[in-house]
């Protein structure tokens, strides 16, 4: 008989450590240069807006986590509120995000580690030795999380505290070297560039939903989840806003060998915080930033290994994935089979897809679809006008992000989500399948519509295009944004009306 009971061992401190640990990873060490390259000083405003967006989405997820404190929360939110098919598409999409995103984080960890261990990477490609080391480290971290969540979360707490120190050091030294002239003009590439900056910048914030994925293992979830959510968003947002401000102000153009105000060239920096530190002549800080990046990546993928197992566990417990993945180890009280299986998928992705940026983009698209559907679930469940409005805002913001994440990756993410329809047909009876398709027609229209708008949208939102077709520019900025808002509003109204009838 399969044991499927998880232990409640997480309090505010450990849960907050999981939230911060999932967010503060390789992104903050690699993304500042990329954000600055597309928007210059406007990057600071982009991070402020991302912080606000994150706070809205975090509040929605935390509220849902209090109502449905179950492992793999995002899956259960949509399943319980929107129905079985919606839950399955959302849950499977998010599961793809988890094990693909974990591969990207481990990949970046090895690239940073190559600074100290020559021979494990050539450029952005891991060598066979690098892949072997990555898999070995992945195995060790998986074992730690199998032994018990309090040990996995404890490891994350230690790594979280350690990884914050380099960021705080950069903020202090960066502000001491600040050049206010770097902030003029504020928007060298126009205010429209803020959309692309937000698309890239959100990689630094990904993972905030981790708090609700382990909600079944939280003590007093009705109190602890919201407290941890607030602490996580406030701490991470404050650090990121200060750090990006320090980064923009501390750029020494001559020291970097870049023409003054040539922001686009910052996108070529592989380790922007370390490179800016070297350009300032603070070599000790540069070394600390590289070490911090290694530690941050290690801690972040430790957190994601912990979380991805919970999503697989939740799906299998509902007979939506291989049933043995619902097994809970009798001694350790963790979903050991789900953890091991998910890590195997991560290792396969890491080996088969060598492009770090491409893996990131796929994982981001498959993450924001669940964000949007969770916001919709919140609006349907909470019929108080102000809370419905909050859910609507969360849905529209998530839809905008999916568009900003660029063609052809919108198409790639949608294909992954749509593939779940085929798998679902094999899991349920024909009558149930047809009934669920009718009930969730809005969801299918939403996915198809996202692809069409991305294809018809502004050419600014194209990145690493591997297809012969580019965005057609039928809806240039700002008409593309208006189109996305109108489209998402129509889908929201359609879904709300349909699902309210379903709940009644």
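Glycine residues also receive a Cβ, built from the backbone N, Cα and C atoms like all the rest.
Residues 105, 108-109, 112, 150, 153-154, 156-157, 159-160, 163-164, 167, 203-208, 210-211, 214, 218, 224-225, 227-229, 231-232, 235-236, 239-240, 243, 270-274, 289, 292-293, 296-297, 299-304, 306-307 of the same chain lie 6+ residues outside the transmembrane segment (12-30) yet bring a C-beta within less than 8 angstroms of a C-beta in it. Per TrEMBL, transmembrane segment is recorded for 12-30 (among others).
If one looks beyond the transmembrane segment (42-62) by at least 6 residues along the same chain, the residues whose Cβ comes under 8 Å of a Cβ in the stretch are 32, 35-36, 73-74, 77, 186-189, 191, 193-194, 197-198, 201-202, 204-205, 208-209, 211-212, 225-226, 229, 232-233, 237, 240-241, 244-245, 248, 371, 374-375, 378, 390-391, 393-394, 397-398, 401. Residues or ranges marked as transmembrane segment by TrEMBL: 42-62 (among others).
Annotation source TrEMBL lists transmembrane segment at 92-117 (among others). A Cβ distance under 8 Å defines the sequence-distant neighbours of the transmembrane segment (92-117), meaning residues of its chain 6+ beyond its ends; these are 25-26, 29-30, 74-75, 124, 126, 130, 133-134, 137-138, 206, 270-271, 290, 293-294, 297-298, 300-301, 304-305, 307-308, 311-312, 315, 320-321, 342-343, 345-347, 349-350, 353, 356, 359-360, 362-364, 366-367, 369-370, 413, 416-417, 420, 423.
With a cut-off of 8 Å between Cβ atoms, the residues of this chain six or more beyond the transmembrane segment (129-148) that come close are 9, 106-107, 109-110, 113-114, 117, 119-121, 155, 298, 301-302, 305-306, 309, 329, 332-334, 336, 339-340, 343, 346-347, 350-351. Residues or ranges marked as transmembrane segment by TrEMBL: 129-148 (among others).
According to TrEMBL, the transmembrane segment annotation covers 155-175 (among others). Residues 13-14, 17-18, 20-21, 24, 28, 144, 239, 242-243, 245-247, 249-250, 273, 276-277, 280, 282, 285, 288-289, 291-293, 295-296, 298-299, 302-303, 306 of the same chain sit 6 or more residues outside the transmembrane segment (155-175) yet have a Cβ under 8 Å from a Cβ within it.
Annotation comment: TrEMBL describes 229-253 (among others) as transmembrane segment.
The annotation transmembrane segment is assigned in TrEMBL to 279-307 (among others). Long-range contacts of the transmembrane segment (279-307) within its own chain (CB-CB distance under 8 A, at least 6 residues past either end) are made by residues 18, 21-22, 24-26, 28-30, 98, 101-102, 105-106, 108-109, 112-113, 115-116, 137-138, 141-142, 144-145, 149, 152-153, 155-156, 159-160, 162-163, 165-167, 169-170, 173, 177, 207, 210, 213-214, 250-252, 254-256, 271, 273, 339, 342-343, 346.
The annotation transmembrane segment is assigned in TrEMBL to 359-380 (among others).
If you look up TrEMBL, you'll see 387-404 (among others) marked as transmembrane segment.
The transmembrane segment annotation in TrEMBL covers 410-428 (among others).
Residues 82-83, 85-86, 89, 369, 373, 399, 402-403, 406-408, 410-411, 414, 417-418, 421, 469, 471-475, 480, 483-484, 487, 491, 494-495, 498 of the same chain sit 6 or more residues outside the transmembrane segment (440-457) yet have a Cβ under 8 Å from a Cβ within it. If you look up TrEMBL, you'll see 440-457 (among others) marked as transmembrane segment.
Under the heading transmembrane segment, TrEMBL lists 477-496 (among others).
Same-chain residues lying 6+ beyond the ends of the transmembrane segment (359-380) with a Cβ under 8 Å from its Cβ atoms: 57, 60-61, 63-64, 74, 77-78, 80-82, 86, 90-91, 93-94, 96-97, 100-101, 103-104, 107, 202-203, 206, 209, 349, 353, 387-388, 390-395, 397-399, 401-402, 405-406, 409-410, 412-414, 416-417, 443, 447, 463-464, 488, 492, 495-496, 499-500, 503.
Away from its own ends, the transmembrane segment (410-428) comes close to residues 84-85, 88-89, 92-93, 96, 319-320, 361-362, 364-366, 369, 402-403, 436-437, 444, 447-448, 450-451, 454-455, 467 of its chain (Cβ-Cβ under 8 Å, at least six residues beyond either end).
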